[in-house]
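First the structure, in the form of structure tokens, and then the observations on it.
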Amino acid sequence: MNSKRVISNEKAVACLVLISLFMAVAAGNFYNDFDLTWGDGRAKILENGQLLTLSLDKASGSGFKSKNQYLFGKIDMQLKLVPGNSAGTVTAYYLSSLGSTHDEIDFEFLGNLSGDPYILHTNVFTQGKGDREQQFYLWFDPTKDFHTYSVLWNSQVIIFSVDGTPIREFKNLASKGIAFPKDQPMWLYSSLWNADDWATRGGLVKTDWTQAPFTASYRSFNAQACTWSSGSSSCSSKSNNDSWMTQSLDTTGQQRIKWVQKNYMIYNYCTDTKRFPQGLPPECSLA
Ligand SMILES: *[C@@H]1O[C@H](CO)[C@@H](O)[C@H](O)[C@H]1NC(C)=O
Ligand SMILES: *[C@@H]1O[C@H](CO)[C@@H](O)[C@H](O)[C@H]1NC(C)=O
């Protein structure tokens, strides 16, 4: 009887451990989801795994990387960017596979002088080839509060969104001979670094190191995604909602993307005829 009791206590403890582990995972915990990969202590996980910060000073920037590799997913993260004079700094937040034929889905935030607008720079690489930049101003100050930056990536489309508003769509046009990222699992990365040779007004405005350290913050990571490990994929479906797998832009989404592109897009490779004198990339006329 005594030994039975001991066993059931052990079971109860194991059960509690499992429940709390599950809750930590469900809440999105930076300790579980990410490794701090560089920056020698400048990247920090705080508040029991609910907050992550990156910092940059003259000696180094910092960065983190997901533990998981993803092959399709809807991935959300809230970011609060470097406040004040952030000129010269770049906060990169992206999905990428490895190697010379890598695929990549990029958000990069280019800092600016106090009061001047950040640029949100986006790009899509397929089979190692990028050159698909689109840049935007934001319709809010991204340094005052956290805002949600999302990538929806399924077999048909990649949609970049900001606070749920789609800003960019990259369709699967493989049937027209245009490569689409669909075979290479990607890690999620973020880093904060100095790029004052090009980032702000094309490199005219330099980083003011008297303002260092510069800090960007992250919270509320959420991935409804297929994770890839040792050659096979497993698709989590919290609340059994797999709608992201087939999601595309609905009519409202199309209207909102038009609104963003009309009012906030400041560069589009698809209209840069000077840059592509031999003709614009093929997806530009098909999209
Ligand atoms: C910084 O502000 C200037 C002046 O408003 C603007 O031209 C530029 O696009 C802004 N952003 C960056 C990253 O240079
Ligand atoms: C599933 O998620 C989508 C958004 O990704 C939402 O619009 C839809 O209502 C959800 N469906 C259910 C049954 O929760």
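Placed from the backbone N, Cα and C atoms, the Cβ positions cover glycine too.
Non-local neighbourhood of Glu104 (active site, nucleophile): Tyr94, Leu95, Ser96, Ser97, Asn123, Val124, Phe125, Gly130, Pro181, Met186, each in the same chain, at least six residues away, with C-beta under 8 Å from its C-beta. Following the DSSP three-state reduction, the secondary structure of Glu104 (active site, nucleophile) is strand. According to TrEMBL, the active site, nucleophile annotation covers Glu104.
What TrEMBL records for Glu108 is active site, proton donor. Non-local neighbourhood of Glu108 (active site, proton donor): Val90, Thr91, Ala92, Tyr93, Tyr94, Leu120, His121, Thr122, Asn123, each in the same chain, at least six residues away, with C-beta under 8 Å from its C-beta.
Marked as domain 'GH16' by TrEMBL: 24-218.
In sequence order, Ser86, Ala87, Tyr118, Ile119, Thr200, Val205 are the residues near Asn112 (N-linked glycosylation site), counting only same-chain partners six or more apart with C-beta under 8 A. As annotated by TrEMBL, N-linked glycosylation site applies to Asn112.
The signal peptide annotation in TrEMBL covers 1-27.
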